[in-house]
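**Q** Please find one structure pasted underneath; my questions will follow.
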Amino acid sequence: MNSGDRDVDTEPGRRAAGPDPDGAGRALAELPPGARGRVVTVTDDGSSRTARRLRDLGFTPGTVVEVVRRAPLRDPVVFRVKDYDLCLRRAQAACVRVVEVGP
Amino acid sequence: MTTSCHDVAGGGEVTAGQPRFALVGSPNAGKTSVFNGLTGLNAKTGNYPGVTVARFVGVCRTGGDSCLIEDLPGTYSLEAISPDEQITVDVLDGRLDGVDRPDALLLVADATTLRRSLPFVAQVLARSLPTCLVITFTDELARRQGTLDTDALGEALGVPVLAVVGHRGRGVAQLRDRLAEWASWPTPVLAPPTDPDEVDAWAESVLEFAGYRAPERHRVTQRVDAVLLHPLWGTLVFFAVMMLFFQTVFTLAAPLQGAVESAFGELSRLVSAHVGNSWLSGLLGDALIGGVGAVMVFVPQIMLLFLLLALLEGVGYMSRAAFLMDRVMARVGLEGRAFVALLSSFACAIPGIMATRTLPSARDRLATMMAAPLITCSARLPVYVLLIGLLVDPSYRVGPFGAQGLVMFGLYVLGAVSAMLAAWAFKKLGDHRGALLPFHMELPPYRLPSPRSVLVMTWSSARAFLRKCTTVIAATSVLLWLLLNLPLHPAAELRAAGVDTTDRTAVSAYQADHSYAAGLGHLAAPVFSPLGFDWRINVGVLSAQSARETFVATLGQVSAAQDPENPARALRTMTYPDGPHAGERIFTAPTIAALLVYFAYALQCMATVAVLRRETGTWRWPAIAFTYLTGLAWVMAYLARTLTAWLGG
């Protein structure tokens, strides 16, 4: 594995991954392209600025986010949130906790 | 370069009483086209005091009066995470030394992303400066079946709201009228909430009041992205676009270059015909007109390069390219924004280095800055064109592509790969502390850029190049001419050396071979002779230390001294007059290959060194960059020479 992947694995946001262990939703990064999720909360990845910026970009609780597509090699990912397309890395997208909603 | 221009508020139009407006908005909101619409082409560029964030200030005529408009760096939030976002916050709060707090704000928001922008609008309104909300892309909103009542929006927010379609000039006149009466703009009766828990509900109620219906998805964008961002097709298209880009730059500019070349040739002939004094005519004709002309020939090519970059940017392909390349950047420890900075370096390392300010991590910034000079900038283009012209026959083709274009493409790839490796090395050498800051990038819908905005971008870049031609390059060219023509050799000395004094070519060749420049070139011989450079090339390489393009002017002067009638042929057929290689050609394939590779690596640009100094605040980093790049250049050039000689048998 390359260094980029190692960095991702050390992200605290990643540790909480898994199918909704504590009722705080799943990590947005786990949803496949085409799926939609409603934002439950935005967690920190060690820097409070990340959560703050994700909220400024439109990932506020209650907002529905759609996974549009993944880049070659699966990272980064394009999301549609608040009527626009935004590209995030999976590591940051993991900070956004969602519950999946139907189309 | 624009970076050396400090008279930000200059232009002689500034009076103490002029109201000052600041343009605030998120990236992609159309701030720049509103700015250009209001100020025309009279913008001054400079830097904020103490930091190197580019500052744009322009004068806007409002009826009989005028006002100053300042285009602040784009941001999604007033909680800054990068140095240039911090500037916007500091200017709004009047906390930046040397920059007064603006009298009023023009807040620019994209109608198609209004739902996202309203919380930012709330943050800005909370600064309680007189504010006018400028809504852009209303035409696109209507085309995509969205609706917005701007008057109702103004009513809901309590501030003036105006729709402006900047790139079409619609609404600009009304905005000018509004600027004149800024002192009487209404202010919100009740400040909007900025608490994250309340702001969403507030935004929804405002949108409902304003009859907002979000635009439908842009079908064209969806369909085009399905191909351009496809894992396989997208990657293939990316390489095809890059390939086509360089092929176009190479082939389309050729006839225009011919025209510029003959114009300067004509000018030079006029000077020699009408100026009696041979010294003065040489200085004017060969040094000034010839030297500057040799570089000016590349204006069409460089304008074409900037034009294509502006088109790719305007259409929206640049962010797609950054999206596709982000994973590759992650391998060297950087992020997609670093890729955008490195992409700008294809035009010039200076905007590339300045673009690293969007990187919040200091370590990322340094790694990107150390890599940026390796990206093939437009200043290398003239040198590459000249040398490839000597190396490869223009009629030679490989499949559908011209061989010259392929070599050029190869050099671009070499620069890009080397830059990535350098970034990786500098990232590795650095420490790994410090939190990763979020990487995010908007993918705006594909748009047809207005011809005006593309031309403005192209022209402002070309102007910087022309300024360099008329200052640094002209001065270096004149200095070189003097070095090549001094000291004077009396006719007796020429006759004693066996030179036919009636043969002008032989005289000027002797003069050049025994000039100060030759002495300088010979002095550098121990360093450069392993690379196969003779003293003429040494002089060219040394003169290119100030700016790479000067190499072309120098070789032009050197070859003109050998054969004033046909400098290009002189260069091709130039041979060593004496020494162990006497009679052999100077520009052999291994020597040209070594030269090309030397220019690919060496940091031969004083402007870049100066910008590195200013960006890092110390001489340490420019010194490191200069040393490692020059050392690398020599080693790689030696390898290229050895390899080419071995391949050539």
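Counting starts with 1 at the first residue shown.
Quick reminder: no glycine exception, Cβ is built from N, Cα and C everywhere.
All TrEMBL annotations are machine predictions without curation.
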**Q** Give the range, chosen from B:298-316, B:336-354, that TrEMBL lists as transmembrane segment.
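**A** Going through B:298-316, B:336-354 one by one, TrEMBL gives transmembrane segment for B:336-354.
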**Q** What mean pLDDT does the predicted model reach across the domain 'FeoB-type G' (B:18-185)?
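**A** PLDDT averaged over the stretch: 87.
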**Q** Ranking B:227-246, B:336-354, B:403-426, B:586-612, B:619-640 by the number of C-beta pairs under 8 Å to the transmembrane segment (B:366-391), which range is first?
**A** B:403-426
**Q** With the transmembrane segment (B:336-354) as the reference, which stretch in B:227-246, B:403-426, B:586-612, B:619-640 has the largest tally of C-beta pairs below 8 Å?
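**A** Most Cβ pairs under 8 Å with the transmembrane segment (B:336-354) come from B:586-612.
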**Q** Select the range from B:403-426, B:586-612, B:619-640 that forms the most Cβ-Cβ pairs under 8 Å with the transmembrane segment (B:227-246).
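**A** Result: B:403-426.
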